[in-house]
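Below: the structure, in structure tokens.
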Amino acid sequence: MTAIFLMSMLFGLACGQAMSFCIPTEYMMHVERKECAYCLTINTTICAGYCMTRDFNGKLFLPKYALSQDVCTYRDFMYKTVEIPGCPHHVTPYFSYPVAISCKCGKCNTDYSDCIHEAIKTNYCTKPQKSYVLEFSI
């Protein structure tokens, strides 16, 4: 009985480590420009979750490509564009942002992802919010 229990625990641990929990997750962001009168709250999806990584002890003897770790990043995404209300005529009022359709564990691609871990920025509006959002798919 103990052997069966131990084997099932090891199997569960192995499957849990092999599975990725990197999925599209709902995210609310606030967008404002200093020249515009209003702030927009945008509901979108981002890639978030856990990816299996390993930290090697012999880092001095490995090439740099072997030291990079997988992150939760976009597999498929599309861009949406919104118009920020209350902008003067000389300011472009459009803001484009990615919407995650599916995610994967992989190397961070700087072409479409911010790969630098920064200090937490404030994610709130400092200006009045406008209640409507115009979206344009690109």
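Glycine residues also receive a Cβ, built from the backbone N, Cα and C atoms like all the rest.
Going by Swiss-Prot, these are the annotated features:
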type	residues	note
DISULFID	Cys22-Cys72	disulfide bond
DISULFID	Cys36-Cys87	disulfide bond
DISULFID	Cys39-Cys125	disulfide bond
DISULFID	Cys47-Cys103	disulfide bond
DISULFID	Cys51-Cys105	disulfide bond
DISULFID	Cys108-Cys115	disulfide bond
CARBOHYD	Asn43	N-linked glycosylation site
SIGNAL	1-20	signal peptide
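Recorded residues Cys47 (disulfide bond) and Cys72 (disulfide bond) have their alpha carbons 6 Å apart, per Cα-Cα distance. Counting neighbouring Cβ atoms within 10 Å of each of the disulfide-bonded residues (Cys36, Cys72, Cys87, Cys105), the lowest count belongs to Cys87. Put simply, Asn43 (N-linked glycosylation site) is 14 Å from Cys125 (disulfide bond) when counted between their Cα atoms. Distance from the CA of Cys105 (disulfide bond) to the CA of Cys22 (disulfide bond) is 7 Å. Shown are the disulfide-bonded residues Cys47, Cys51; the one with the most C-beta atoms within 10 angstroms of its own C-beta is Cys47. A C-beta separation below 8 Å, combined with a sequence spacing of at least six in one chain, links Cys103 (disulfide bond) to Cys22, Ile23, Pro24, Cys47, Ala48, Gly49, Cys72, Thr73, Tyr74, Arg75. All protein chains considered, the CB of Cys39 (disulfide bond) has 19 other CB atoms within 10 Å. A sphere of 10 angstroms centred on the C-beta of Asn43 (N-linked glycosylation site) encloses 10 other C-beta atoms. Nearest to Cys108 (disulfide bond) in space, judged by Cα atoms and limited to the recorded positions Cys36, Asn43, Cys87, is Asn43. Taken residue by residue with DSSP, Cys72 (disulfide bond) is part of a strand. Cys36 (disulfide bond) sits 39 Å from Cys51 (disulfide bond), taking the C-alpha atoms as the reference points.
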